[in-house]
Amino acid sequence: MPHAVSPLAEQARSALGRRNLVFVGLMGAGKSAIGRLVAQQLGMPFVDTDTEIERVSRMTIGELFAAYGEPEFRALETRVVRRLLRSGSKVVSTGGGAFINDRTRRQIERGGVSVWLKADLEVLWERVNKRDNRPLLKTENPKQTLEKLMQDRYPIYQRADITISSRDVRKEVIADDVMHAVIAYLSKGRTNR
Ligand SMILES: Nc1ncnc2c1ncn2[C@@H]1O[C@H](COP(=O)(O)OP(=O)(O)OP(=O)(O)O)[C@@H](O)[C@H]1O
Ligand SMILES: O=C(O)C1=C[C@@H](O)[C@@H](O)[C@H](O)C1
Ligand SMILES: [Mg+2]
């Protein structure tokens, strides 16, 4: 297992102990990019649930939505998240809707420290409009759809243990914010899970 790469990362790694670190938030918030970077810095394994779902189903997320519909996708997502959170501590980046689903959110609440990457509409839109691989945004006005998802989902993402502002700065800056916040959150007298 690789070691944490800086004193900050080392301190965050040791605070986490055997816990998982789970990134949640809307499409484009940076869960995959920041999750991967934080995992590298902490010297922990990294898994992205969307990638894992595509691997086990041998279909893309778009194909899954088209063939089976969103409810089936959510059921598969719940199972994948549960399995990942039970198989050794790691950094997990979830798909945008995972924390919104009651069953999946309960898995995350039980299985790790959750980090909401919170971004404003312009930042999200700038990042997601470059690709069209998000089935929920295949609408007439995808920016408006994204705004509606923000209104519906932000009150739920807000339940995450930690909130980090995912703004237009280098990914390393956000990764440092995450590690500082993890240390602060876990120093509040919490016991190892
Ligand atoms: N701080 C940042 N600076 C510049 N680019 C960023 C930053 N954070 C994320 N990005 C870029 O924004 C795009 C979307 O990020 P990412 O794929 O990590 O989002 P996500 O939250 O995983 O979205 P989804 O829920 O759709 O999987 C990627 O191209 C990523 O490299
Ligand atoms: O926000 C969502 O509900 C989604 C986000 C993506 O990560 C994928 O999990 C899928 O496109 C659904
Ligand atoms: Mg992602």
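Backbone N, Cα and C define each Cβ position, glycine as well.
It should be emphasised that the depicted structure is a prediction, and the values quoted were computed from it without experimental measurement.
Going by TrEMBL, these are the annotated features:
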BINDING   GLY28, ALA29, GLY30, LYS31, SER32, ALA33, ARG134  ATP binding site
BINDING   SER32  Mg(2+) binding site
BINDING   ASP50, ARG74, GLY96, ARG153  substrate binding site
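TrEMBL feature annotations superimposed on the structure.
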residue: GLY28; record: ATP binding site; DSSP (3 states): coil
residue: ALA33; record: ATP binding site; DSSP (3 states): helix
residue: ASP50; record: substrate binding site; DSSP (3 states): helix
residue: ARG74; record: substrate binding site; DSSP (3 states): helix
residue: GLY96; record: substrate binding site; DSSP (3 states): coil
residue: ARG134; record: ATP binding site; DSSP (3 states): coil
residue: ARG153; record: substrate binding site; DSSP (3 states): helix
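Looking at GLY30 (ATP binding site) and GLY96 (substrate binding site), their Cα atoms lie 10 Å from each other. Close to the recorded ATP site, the chain also has GLY25, LEU26, MET27, ILE34, SER93, GLY96, LEU117, ARG127: residues not among GLY28, ALA29, GLY30, LYS31, SER32, ALA33, ARG134 whose Cβ is within 8 Å of the site's Cβ mean position. Among the binding-site residues listed (ALA29, GLY30, ALA33, ASP50, GLY96, ARG153), ASP50, GLY96 have a CB atom closer than 6 Å to some atom of ligand 2, in sequence order. ALA29 (ATP binding site) is 13 Å away from ARG153 (substrate binding site) when you measure Cα to Cα. Taking each of the binding-site residues ALA29, ALA33 in turn and counting other Cβ atoms within 10 Å of its Cβ gives the largest count for ALA29.
Around ASP50 (substrate binding site), the same-chain residues six or more apart in sequence whose CB sits under 8 Å from its CB are SER32, ILE61, SER93, GLY95, listed in sequence order. The binding-site residues near ligand 3, defined by a Cβ under 6 Å from one of its atoms, do not include any of GLY28, ALA29, GLY30, GLY96, ARG134, ARG153. When the Cα atoms are compared, ARG134 (ATP binding site) and GLY96 (substrate binding site) turn out to be 10 Å apart. Counting only same-chain residues at least 6 apart in sequence, those with a Cβ under 8 Å from the Cβ of LYS31 (ATP binding site) are PHE23, VAL24, GLY25, ASP48, SER93, THR94, GLY96, LEU117. ARG74 (substrate binding site) is 20 Å away from ALA29 (ATP binding site) when you measure Cα to Cα. The maximum pairwise C-alpha distance among GLY28, ALA29, GLY30, LYS31, SER32, ALA33, ARG134, the residues recorded as binding ATP, is 16 Å. Take the CB of SER32 (ATP binding site) and look out to 10 A: across all protein chains shown you find 18 other CB atoms. Within 10 Å of the C-beta of ARG134 (ATP binding site) there are 20 other C-beta atoms, taking all protein chains into account.
Cβ neighbour count for ARG74 (substrate binding site): 18 (other Cβ atoms within 10 Å of its Cβ, all protein chains included).
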